[in-house]
Structure formats: structure tokens, C-alpha cells
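> Provided herewith is a single structure, encoded as C-alpha cells, for subsequent inquiry.
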Amino acid sequence: MPELPEVETIRRGLARHLVGRRIGYAEVFHPRAVRRHSGGAADFTGRLIGRRIQAVLRRGKYLWFALDSDLALLAHLGMSGQFLLADAASPSPKHLRARFAFTDGDPELRFVDQRTFGGLTLAPLIADVPASISHIAPDILDVAFDEAEFHRRFTQRRTGVKRALLDQTLISGVGNIYADEALWRARLHYATPTVDISAATCRRLLAALRAVFRAALRAGGTSFDALYVNVNGQSGFFDRSLAVYGRAGQPCRRCGTAIVREPFMNRSSFRCPACQPVPRRPHW
């Protein structure tokens, strides 16, 4: 699933090409693409015609097109959602779920989703955020992110540190890949109890998370397959710089110890046994 760096890479590409343009035509090709929109496909497309895109914004893994009249076209990419820019005359991709044309011509916007876990909906804007995601916490790159408040709520969770990082109501945009990478940089085991994390350790963890996000953004995100691409259809290449994720059996880039892969919440965690030893009181 795309995490913050991938969604932010897409957001930047969309903003460059779409801000200020007016939607002249919209079409939905698969009902699951708008299953979260209670009015259905006809209402969804009808309410978009004539709307101008004023901004393309993001919170965590969600992105939205802020439209005039305090309305947002809200998107979640799920496992395989893609926004692609293309000329109207170019061939349609295999898993095209929706398309949007503009009154000023090409390029048009296409929503492609192989697994159909992603989706689009319309939502009212409240304080510049779609009402339906107002419960999602700011992410670490958001100017509204408060480190002291995060630490206070973090230690109250009484869970393992990685579980807390994946809680989108506590901090948004963090998924399995970047949680593992940040924990490696901060030298923390994923089962370290949040109650044991001091303010100083929390600052170290957040600094590690910021650093890995910024490095991933410079690389255009992480692509393990063709399911994540930017708006031009290009893959990111941060996978070449990953320290632990997907590197089981390979040497730690810091100490040389073999990276291990362990089951975690129906997925996997990757860590260095030497740099990230099991804590005295692990919270699995």
C-alpha cells in the first residue's frame, strides 16, 4: 500500500498539472471505484462537472482535490490505485476505473486500480480537510504536527511502538515499510512498549521517521512492482536504499548482522537483531 512518500509524490505531480483547471467531463467505469460515495456514480460525476480544482492536498495516505464551493474529491489509493495523466487519444490502461477531462484540453486524469481496494468520493471541506477524514491525525511532515502532544498520546497507548506508529489516529502516513526503516534508524525493536519511550527517545524516533520520509521523497517513493507509479507512470527507486525492509538474510548496513524477518500483525517486520535487540518487557 502506498505510504506517505508515495502519496506525496503523486500529490506534487497532480498539483503541478491540475490546479486551476476546470472539470468538463467525468466518467466512472467500475462501481467499486466510488463505493464510498453514497449517491452512486451518476451523482458523483454530475456534481464534478464545472468544478475548478483549487488545490491538491494530502493528509497521511489520503489525498484530495479541493474544489470550489467547499467540496473535495477525496481519494485513497488502497493497494494498487494510481492517478495517471495522459492525452485523451492515448490507449486506456487495462484497469481504468474513472477518468476526468478538463475544459482546457489535455492532459486528462485517469484513476487506475487493479485490485479495486482504492476509492473516490465527494466530501464537504471543514477547515480545509474533508469531513470524512477529520479523525485522521496530522502526519510528521505537517506543520500542525505537535511532537510533545504526540509523545503524550503515544505513551498512553500501552502497546508496542510499531503498532502505535501504524495507528492513523495517532500519526498518519506510516505503513509497514517506513515503520521498519525508522525503527532501524532509531535502534528500536518494534515490540518496545510505548510506556518505556522517553521524550528524548521519542524525538529520536520522530527524527528518524522524518529522515526516511524525506529520503524516500527524493527517490520518488518505493516501488516493488508496477502497482505504485507516479503520475507519469514512473516507478520510485527508494527500494534500493532500504536498510531492513525486504532484506531478510542480508547484512545490516550498520553492523553486518543478518537481517531477520518476523511475523507481525498478519504481515512481517524486518530488523537487525544486534542493533534492535528484544526489550526486557516486549509488547507483542
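Backbone N, Cα and C atoms are what each Cβ position is placed from, and that goes for glycine too.
Swiss-Prot lists these features:
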ACT_SITE  Pro2  active site, schiff-base intermediate with DNA
ACT_SITE  Glu3  active site, proton donor
ACT_SITE  Lys61  active site, proton donor
ACT_SITE  Arg267  active site, proton donor
BINDING   His95, Arg115, Arg157  DNA binding site
ZN_FING   243-277  zinc finger
> Tell me which residues of the chain lie with their Cβ under 8 angstroms from that of His95 (DNA binding site), as long as they are six or more apart in sequence?
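Sequence-distant Cβ neighbours: Ser80, Val112, Asp113, Gln114.
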> Taking just the CA atoms, what is the gap between Lys61 (active site, proton donor) and Arg115 (DNA binding site) in Å?
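Per the Cα atoms, Lys61 (active site, proton donor) and Arg115 (DNA binding site) stand 17 Å apart.
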> Could you state the CA-to-CA distance between Arg157 (DNA binding site) and Arg267 (active site, proton donor) to the nearest Å?
21
> Given the model, what does the mean pLDDT over the zinc finger (243-277) come out as?
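Over the zinc finger (243-277), the predicted model scores a mean pLDDT of 98.
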> Have a look at the recorded positions (Pro2, Lys61, Arg115, Arg267) and report the one with the fewest Cβ neighbours inside 10 Å.
Arg267
> Using DSSP and three states only, what is Arg157 (DNA binding site)?
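The residue in question, Arg157 (DNA binding site), is coil (DSSP, three-state).
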> How big is the gap, in Å, between the Cα of Arg115 (DNA binding site) and that of Pro2 (active site, schiff-base intermediate with DNA), rounded to a whole number?
13
> Measuring Cα to Cα, how many angstrom lie between Arg267 (active site, proton donor) and Glu3 (active site, proton donor)?
15
